[in-house]
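**Student:** Relevant sequence annotations retrieved from TrEMBL are reproduced here:
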type	residues	note
ACT_SITE	HIS62	active site, proton acceptor
BINDING	ASP63, VAL66, GLY68, ASP70, SER72, GLU84	Ca(2+) 1 binding site
BINDING	PRO156	substrate binding site
BINDING	HIS187	heme b binding site
BINDING	ASP229, THR232, ASP237	Ca(2+) 2 binding site
DISULFID	CYS31-CYS110	disulfide bond
DISULFID	CYS64-CYS69	disulfide bond
DISULFID	CYS116-CYS305	disulfide bond
DISULFID	CYS194-CYS218	disulfide bond
DOMAIN	21-309	domain 'Plant heme peroxidase family profile'
SIGNAL	1-20	signal peptide
SITE	ARG58	site 'Transition state stabilizer'
Amino acid sequence: MRAITALFFLFCFVAPSALAQLRQGFYGRSCPRAETIVANVVASRFRRDRTITAALLRMQFHDCFVRGCDASLLIDPRPGRQSEKSTGPNASVRGYEIIDEAKRQLEAACPRTVSCADIVTLATRDSVALAGGPRFSVPTGRRDGLRSNPGDVNLPGPTIPVSASIQLFAAQGMNTNDMVTLIGGGHSVGVAHCSLFQDRLADPAMDRSLNARLRNTCRAPNDPSVFLDQRTPFTVDNAIYGEIRRQRGILRIDQNLGLHGSTRGIVSSFASSNTLFRQRFAQAMVKMGTIRVLTGRSGEIRRNCRVFNNGR
C-alpha cells in the first residue's frame, strides 16, 4: 500500500458509549438482507481479485481516522470543492466501486436505509474473513457524515516514529496493542511502492537476502511495488510479525514496531501465536469501527456514497 479465529464476544471490547449507539442486527427489520447483499458483492469481487482485502482495510482505516467512521472518504471532489479523496495520503486508496455496487443493490432492496459507513465496515469485515482472517460480528447503525474536507486529513506515513504513532492512535481512543494489531494486520496483505521504503534499503540491520531482492526489484522503472508480507501476502495472519522479528520488516514503521520498547513484546507475542493475533485483530477492527460514529438523527443516509444528498 502506498503511504492493513472465531467469533468473539463483542460486548466485552467495545466502549459502552458506542454500544449504546450501535448494535448487531441493526437492519434486521428495516433491511433483513443487508449484510447478505454486502457479503455477496464482496465475495464476487474477491473471486476475481484477492487484493481487495488490503484495499478495503486501508479504506476503512483512512475513513475512520479522519472525523470518525462516517464515509467522508467516499465523497468525490468537485470543481472548486475538494474532498478527503483529494489528499496525497488518500490518492491511492481504491475499492470504491465495491462500495458503489453494494450501495446500488441495497438501494434497490431497501431505499435510503443502509448507510455507506456501514457498507464500508461490513465489506471490510467480509473481505478479512475471505482472506483467511478471523470471522467476527460488527455492530451497525452508523450514519454518513456531512463534511469531507482535505484539511481534516492527518494520517500516519510509513516512516512515522512509534511514539508518534502511539499518540495518533490514542487520540482516536485506540491503545498501543490496537496500533500494533491494526498496522501489522493491515500490512499482512498490503503492498508498498519502492519509493516508500528507500530508507529501509539503506539500513545495515535489514536481512541481507531480502535487501538484495528488494534492491533488484526496485531497479525497474515506474516505482514497482512489493508485498509487505513476503511469506503469506494474501492471508490475514501473523506471518508479518515473524518477519519483523527477523529484521525483515519492509516499511520503517513495521520494523520499528519490533524494536521499540513499547511494542516489541506485542510483536513477539503475535509472532508466536496466530490464535492470539486473530483474537486481537478482530477486537481492534470492531473497536476502530466505533470511532466517533454518527447515529440516530445525526448525519444522513446517502443515496449515492460519492455525493452528499443535497448535491453539494
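Even glycines carry a Cβ here, placed using N, Cα and C.
Each of the listed features needs to be described in terms of its position in the shown structure.
**Tutor:** On its own chain, HIS62 (active site, proton acceptor) has LEU73, GLU84, PRO89, ASN90, VAL93, LEU155 as residues at least 6 apart in sequence with a Cβ closer than 8 Å to its own Cβ.
In the structure as shown, the Cβ atom of GLY68 (Ca(2+) 1 binding site) sits within 10 Å of 19 other Cβ atoms.
Taking a C-beta cut-off of under 8 angstroms and a sequence separation of 6 or more, ASP229 (Ca(2+) 2 binding site) has the following same-chain neighbours: HIS187, SER188, VAL189, GLY190, ALA239, ILE240, GLU243.
The Cβ of CYS31 (disulfide bond) has 18 neighbouring Cβ atoms from other residues within 10 Å, across all protein chains displayed.
Around the Cβ of CYS305 (disulfide bond), 22 further Cβ atoms fall within 10 Å across all displayed protein chains.
Around the Cβ of CYS194 (disulfide bond), 19 further Cβ atoms fall within 10 Å across all displayed protein chains.
Using a 10 Å Cβ-Cβ cutoff, ARG58 (site 'Transition state stabilizer') registers 25 neighbours.
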**Student:** Of the binding-site residues GLY68, SER72, PRO156, THR232, which one sits closest to ARG58 (site 'Transition state stabilizer') when you measure Cα to Cα?
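**Tutor:** Spatially nearest to ARG58 (site 'Transition state stabilizer') by Cα position is PRO156.
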**Student:** Work through the recorded positions one by one (CYS110, THR232, ASP237) and name whichever has its CA nearest to the CA of PRO156 (substrate binding site).
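**Tutor:** Given the candidates CYS110, THR232, ASP237, the nearest one is ASP237.
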**Student:** Just to confirm my parser: what is the rounded mean pLDDT across the domain 'Plant heme peroxidase family profile' (21-309)?
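**Tutor:** Taking every residue of the domain 'Plant heme peroxidase family profile' (21-309) together, the mean pLDDT is 96.
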**Student:** Which of the listed recorded positions (VAL66, CYS110) has the least company, meaning the fewest other Cβ atoms within 10 Å of its Cβ?
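**Tutor:** Least crowded of the recorded positions VAL66, CYS110, by Cβ count within 10 Å, is CYS110.
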**Student:** With THR232 (Ca(2+) 2 binding site) as the reference Cα, tell me which of the recorded positions ASP63, ASP70, CYS110, CYS116, CYS218 is the closest one.
**Tutor:** CYS218
